[in-house]
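K.L.:
Have a look at this one before I ask anything.
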Amino acid sequence: MPTVDDILEHIGEFNFFQKQTFFFLALLSAAFTPIYVGIVFLGFIPDHRCRSPGVAELSRRCGWSLEEELNYTVPGPGPAGQAFPQQCLRYEVDWNQSTLGCVDPLAGLAANRSHLPLGPCQHGWVYDTPGSSIVTEFNLVCGNSWMLDLFQSAVNVGFFVGSMCIGYIADRFGRKLCLLITILINAASGVLMAVSPTYTWMLIFRLIQGLVSKAGWLIGYILITEFVGLSYRRTVGIFYQVAFTIGLLVLAGVAYGLPHWRWLQLTVTLPNFCFLLYYWCVPESPRWLISQKKSAKAMRIIKHIAKKNGKSLPASLQSLRPDEEVGEKLNPSFLDLVRTPQIRKHTLILMYNWFTSSVLYQGLIMHMGLAGSDIYLDFFYSALVEFPAAFIIILTIDRIGRRYPWAAANMVAGAACLASVFIPEDLPWLRVTAACLGRMGITMAYEMVCLVNAELYPTFIRNLGVLVCSSMCDIGGIITPFLVYRLTDIWHELPLVVFAVVGLVAGVLVLLLPETKGKALPETIEEAENMQRSRKNKEKIIYLQVKKLDTPLN
């Protein structure tokens with residue numbers, strides 16, 4: 001019996017309709033960027049110091065430059081191991097007293113400044129930035145710095161919960177309805193976050209954005225891979241992620257032009273309302289409609305696709321009948337992922353690699369935002385290297401295989417992080433090169449784990465295996481902000497050391513997985529257990545969460 005893929009061979013696997021739909025959904029992928037990595041600009045931490053009443057007046061009276069004001073009124077670095085006391089402590093001095101002179105005003109109070117008492121910042125902070133961020137507006141520094149970590153962790157908690165639920169919701173209510181609902185909620189919560197009066201409200205709306213935004217991104221991914229033919233599915237999936245990279249470049253430019261976080265948040269959110277027009281532009285997936293016994297609606301959409309592509313639908317393919325169940329239906333269980341030795345090994349290695357990819361990808365971006373150089377140019381350059389990463393994958397996976405490029409990508413990312421630790425500050429070009437290599441490596445690893453994850457599990461637990469293993473991606477995203485921002489307080493390069501170790505270990509573990517190039521997808525647990533043996537069956541292509549096997553048509 002013919003399948004949807006058989007029909008697409010007649011009416012076009014990637015013709016005008018699919019190209020138009022891909023363009024629409026690629027815009028959705030690009031719009032996901034500010035939510036995933038927007039913390040770099042929304043949570044930018046500028047140089048800051050305690051606000052001390054009377055200092056500004058004394059500085060004006062004495063005609064100090066900014067450098068002189070800092071030298072006379074701000075504590076120095078302090079003893080080793082004490083993080084940034086000049087940013088979090090102040091001299092407990094009444095700067096309004098008239099006895100203070102203009103040349104070393106503290107000399108009359110103590111022979112050595114280190115003997116002067118220091119206290120916490122009771123009157124807020126002064127930030128050296130022309131713009132604003134959530135850090136400067138809500139004072140998320142020093143004792144409140146953990147609140148910035150929580151802000152980014154909240155969106156990853158939303159990613160985790162939303163991704164866990166989206167498979168069931170999209171299968172139960174349809175791809176199109178879920179897509180439109182997630183778009184509406186994402187756009188509304190993004191606008192409300194931009195006008196939030198307090199940190200608590202901002203955190204709540206960011207959490208809501210996390211709940212629906214990644215879910216919407218995944219639905220867009222599922223839709224486009226269900227509209228195209230089998231031979232285009234993997235390539236379209238990769239280029240859907242390339243659209244995310246284009247979003248990175250656009251975000252850097254928009255953030256540069258809008259250095260105030262509320263205007264930036266509003267600007268990157270408002271375009272989401274335009275995606276509601278997809279109600280008229282993007283149809284429901286015919287594969288889902290057939291699985292729901294809605295054959296008449298599915299046929300109308302198939303005829304619409306044929307018309308858009310300028311093709312005619314053969315008469316033999318224009319009548320559908322309900323699905324027929326073939327063979328015994330197996331019920332997947334979480335225990336199936338760890339019950340047998342080879343699948344257990346696959347599960348543990350894949351979970352670790354999903355975790356690694358998330359920690360290194362988000363962590364490198366966050367650490368770059370703390371480097372103190374030109375954040376906009378650094379962000380732009382590092383995003384550019386994601387393009388060659390995608391093309392290297394396309395060129396190598398069917399020639400060399402999956403395992404060696406994947407392992408090499410992890411090792412390059414880890415080695416680049418380790419090299420960055422030892423490159424001196426006076427060689428900025430070399431540091432940028434290492435950072436770009438690390439970013440390219442982890443981008444390749446991220447996209448490879450998406451591909452290989454689905455190829456290592458038998459059919460009846462394939463979706464469950466992808467869901468469980470990829471959930472570690474969001475767990476990694478939850479802890480990454482605490483990992484980056486807290487370790488940086490100890491030593492600025494310490495997160496890079498951790499990233500290096502994690503990445504190198506991931507690369508070694510990948511070599512323990514079987515090569516899946518040129519092998520048929522396993523149908524049973526026995527086949528999955530024997531994947532190390534060479535099998536020359538025709539390769540069946542699959543790429544991350546293309547939800548089900550095609551339902552037969554007549």
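Yeah, the Cβs are placed from backbone N, Cα and C, and that goes for glycine too.
The transmembrane segment feature in TrEMBL is assigned to 21-45, 150-170, 177-195, 201-224, 236-257, 263-282, 349-369, 375-397, 404-423, 429-452, 464-484, 496-513. Annotated domain 'Major facilitator superfamily (MFS) profile' per TrEMBL: 103-518, in sequence order.
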K.L.:
Can at least 3 Cβ pairs under 8 A be found between the transmembrane segment (201-224) and the transmembrane segment (21-45), with each pair 6 or more apart in sequence?
P.N.:
yes
K.L.:
Against the transmembrane segment (177-195), which of these stretches has the most C-beta pairs under 8 Å: 150-170, 236-257, 349-369, 464-484?
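P.N.:
It is 150-170, which has the most Cβ pairs under 8 Å.
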K.L.:
Does the transmembrane segment (21-45) come near the transmembrane segment (404-423), with 3+ Cβ pairs under 8 Å (pairs 6 or more apart)?
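P.N.:
No, since the transmembrane segment (21-45) and the transmembrane segment (404-423) share fewer than 3 Cβ pairs closer than 8 Å, they do not count as touching.
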K.L.:
Between 0 and 100, where does the mean pLDDT of the domain 'Major facilitator superfamily (MFS) profile' (103-518) sit?
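P.N.:
PLDDT averaged over the stretch: 87.
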